[in-house]
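A quick write-up on the structure given underneath.
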Amino acid sequence: MESKSQPQEPLQPRKGTTVIRTCFNGLNALSGIGILSIPYALSKGGWICLIILFLIAILCFYTGLLLKRCMDVDPLVKTYPDIGHLAFGSKGRAIISTFMYLELFLLAVEFLILEGDNLHKLFPNAYLHIFGKNIGGKHLFVLLTALVMLPTTWLRSLSLLAYVSAGGVLASIVLIGSVFWVGAFEGVGFNEKGVLWRWNGLPTTISLYTFCYCGHAVFPTLCSSMKDRSQFPKVLLVCFILSTISYGTMAVLGYSMYGETLLSQVTLNLPMRSISSKIAVYTTLINPVTKYAIIVSPIATALEDALSSRSNIPISLIIRTVLVISTVIVALVIPFFGSVMAFIGAFLSISASILFPCLCYLKINKASRKFGIELMLIVVILVLGFFVAVAGTYMSVRDILNNVHAN
């Protein structure tokens, strides 16, 4: 990365990633664990909500373009918090950073819940006898997974893990193929009719959909890393088209296979007697193991910088260990994958992917505040986004509390 104090030579070619590589990185950012819950999201709202999936994809694509326009104002802007600082000063940077780190923390929690649910499906009778107590079920696998992941969080260089985690795109393709195989050739079929529309499930559906497109935190970084930043809108378009095809395909497959009996993760519905089901589950299990350290690392680095202990290895290890323990505690207390994902989508993803880009763009670009079609569109997006965020957050928190009381 070039020094900010040195002007760029006009004849020197800009170093950075190619369009194809950036497309792959963008797809990897958008192809996450949300694909497991996309059929469940469709089941909460009904078949008509497929239209909403496409609308949210278009909306998030547009707000991604707004972030690019914000970056065009100042070439020194490299990250999402930089955009917040450019728009609202140090308070803007702090707010966006807080939302980003909280989203990363809860995503790490989701990884543990995901591992616990699917490992328990594979080994339902497993338990350990420790200190006179039997520990089994999902709790056992959450603890074991955390122990396996803990050493990876101690690594200061995550280049190898970053390379391994790039298999997320391939994992999504394998997962879709496995689910299709179960439906087509394993006796499940695609015979469930489902419902056309369910009004009371709409906030949850939108929250889960938005979670699937919450790559905005890394979009500025991807854009700034390109050789030709002017090609970034094309990259975004390719990424959103391909990811929407994969999400839409999985939603239709899962809902037509299991209808109203869908669980928060489609892998939990698959019959474990078939090889393709096991391939789907094992594929699901690999991604969190490779990505957990990468998700936790930015939070750990921020804490180390805040405590001025980045060069102190023992303190660094303690911080990272305590961080892992805290994610384990949250995963054990609220092990409800779908409800936690809906909360992330409603409270954090809608804010980071829809509300903040619009607000930053209006603040940075004075011309956008002139009355016209663009301003009207952004105002409508802000109003609807705020309403859905409030309704979705309320319903997801209510579901979490109800599940905690029920257990």
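Backbone N, Cα and C define each Cβ position, glycine as well.
Listed in TrEMBL:
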- 16-397: domain 'Amino acid transporter transmembrane' (DOMAIN)
- 20-39: transmembrane segment (TRANSMEM)
- 45-67: transmembrane segment (TRANSMEM)
- 94-114: transmembrane segment (TRANSMEM)
- 126-148: transmembrane segment (TRANSMEM)
- 160-182: transmembrane segment (TRANSMEM)
- 202-223: transmembrane segment (TRANSMEM)
- 235-259: transmembrane segment (TRANSMEM)
- 279-303: transmembrane segment (TRANSMEM)
- 315-334: transmembrane segment (TRANSMEM)
- 340-362: transmembrane segment (TRANSMEM)
- 374-397: transmembrane segment (TRANSMEM)
Against the transmembrane segment (126-148), which of these stretches has the most C-beta pairs under 8 Å: 94-114, 279-303, 315-334?
315-334
Thinking of Cβ pairs under 8 Å, which stretch from 20-39, 45-67, 202-223, 279-303, 315-334 has the most of them with the transmembrane segment (235-259)?
20-39
Counting only residues 6+ away from its ends, which parts of the chain sit with a Cβ under 8 Å from the transmembrane segment (20-39)?
53, 110-111, 114, 165-166, 168-169, 171-172, 175-176, 208-209, 211-213, 215, 218-219, 222, 225-226, 231-232, 235-236, 238-240, 242-243, 246-247, 250-251, 253-255, 257-258, 262, 264-267, 284, 287-288, 337-338, 341
Give me the stretch from 202-223, 315-334, 374-397 with the greatest number of Cβ pairs under 8 Å to the transmembrane segment (279-303).
315-334
Are there residues at least 6 beyond the ends of the transmembrane segment (340-362) whose Cβ is under 8 Å from a Cβ of it, and what are they?
33-34, 37, 59-60, 63-64, 66-67, 69-70, 80, 83-84, 86-88, 92, 96, 99-100, 102-103, 106-107, 109-110, 113, 203-204, 206-211, 213-217, 264, 334, 368-369, 375, 378, 381-382, 385-386, 388-389, 391-393, 395-397, 399-400
For the transmembrane segment (202-223), distant same-chain residues with Cβ under 8 A (at least six beyond the ends)
17, 22, 25-26, 29-30, 32, 34-35, 37-38, 40-42, 44-45, 49, 52-53, 56-57, 60, 63-64, 67-68, 71, 77-80, 82-83, 100, 103, 229, 232, 235-236, 239-240, 243, 247, 338, 341-346, 348-350, 352-354, 356-357, 388, 391-396, 399
Quick check for me: are there 3+ Cβ pairs below 8 Å between the transmembrane segment (94-114) and the transmembrane segment (45-67), leaving out pairs under 6 residues apart?
no
Going along the chain, which residues at least six beyond the ends of the transmembrane segment (374-397) come within the CB cut-off of under 8 Å?
59, 63, 203-204, 206-207, 339-340, 342-343, 345-347, 350-351, 354-355, 358-359, 361-362, 368
